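Q: My structure is below; once you've seen it, I'll send some questions.
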Amino acid sequence: MEGEKQEIQHTKPIRCIVKLGGAAITCKDELEKINKKNLDIVSSQLRQAMMLGWSSSMKVLGMDWSKRHGESEVSCNIDDFVHNANVDSSRFVVVHGAGSFGHFQASKSGVHKGGLDQSLVKAGFVATRISVTTLNLEVVRALAREGIPSIGMSPFSCGWSTKEKNIASADLAAVDKAIDSGFIPVLHGDAVLDKLQGCSILSGDVIIRHLAAHLKPEYVVFLTDVFGVYDRPPTEPDAVLLREIAVGKDGKWSVVKPVLQNMDKQEVQTTVAAHDTTGGMETKIAEAAMIARLGIDVYIVKAATNHALRALSGELRDKRDNIPDDWLGTVIRFMS
């Protein structure tokens, strides 16, 4: 059972919840290394998606006024803000995974298995949170440089906890207030307290499902390091991209497009990195299916591509009855 549900009333609807996959924004085989190129492109595309209807020539008003590594000055021009109107962007919420941040520390110490009475686990809990909050700050800064008023929000600090790895409590008041104040909350996978085993790892995919149930966005986008969900690991030569997956009332799902021969409707093989404590693509599919059961379309697409921008911008939702053939990704939706 998850924590008590909170009724959330917003003055404007939430347009989209975005999951930035850890493997897409970090170099997952290199400890604590950000994929700067991808993160910068993703941040730019998020700005474009949020500012739909505004002139593309509008000057980007950066909000990261801290000193950057290798630079001697802080980038801040007060006059730009004085002479430009406050742009009311679409309401988005961002959640990101850990990638090469956090997973190493968590798996080495066994944080995901619990046992805070053990010194190694307690030290690993601290080390994991240092790592994932470091990444969160860098994601927030990248978004801020694109003029996105982003605010980092750590689940542990906001009072989120688990019970048998399911969400037991999640104080959404801070998220709610941030949204209605015009900010873009940026949450992340985190080490949290667990009511039974002491501590656990709360994945970004589980966070998104919980947020979707309460915020009821128009659609959800998972940005990953591959084009979508495949019938087998995408590194295999015969791997087939699953274009559309339907989820029924009972939670079971089936592949609608393409029509595959000799395959059980839920037989999709996945791979999980040895240090990944959150379940990888398998967890992503399961959480996406639960979101789809709420009547919210989910798009899984490769980050930093034009396909991602089209999903973020809402093009696919506008064409939900006829997804363009030239769009590469996976749509997961509810079918009654």
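Count begins at 1; order follows the chain as displayed.
Just so it is clear, glycine is given a Cβ too, placed from its N, Cα and C backbone atoms.
Look at TrEMBL and you will find 86-301 tagged as domain 'Aspartate/glutamate/uridylate kinase'. If you look up TrEMBL, you'll see A98, H103, G204 marked as substrate binding site. According to TrEMBL, the ATP binding site annotation covers G99, D225, G280, K284.
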Q: Counting across all protein chains shown, how many other Cβ atoms sit within 10 Å of the Cβ of A98 (substrate binding site)?
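A: Step by step: centre on the Cβ of A98 (substrate binding site), count other Cβ atoms within 10 Å, giving 32.
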Q: Counting across all protein chains shown, how many other Cβ atoms sit within 10 Å of the Cβ of G99 (ATP binding site)?
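A: A count of 28.
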Q: Please name which of the binding-site residues listed here, A98, H103, G204, is nearest in space to D225 (ATP binding site), Cα against Cα.
A: A98
Q: Any idea what the Cα distance is from G204 (substrate binding site) over to G99 (ATP binding site), rounded to a whole Å?
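A: Counting only the Cα atoms, the answer is 11 Å.
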Q: Over the residue list A98, H103, G204, recorded for substrate, what is the maximum interresidue Cα distance in Å?
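A: Those residues reach a largest Cα separation of 12 Å.
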Q: Note down the number of other Cβ atoms within 10 Å of the Cβ of K284 (ATP binding site), including every protein chain shown.
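A: For K284 (ATP binding site), the 10 Å Cβ neighbour count is 25.
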Q: Over the domain 'Aspartate/glutamate/uridylate kinase' (86-301), work out the mean pLDDT and round it to an integer.
A: 89
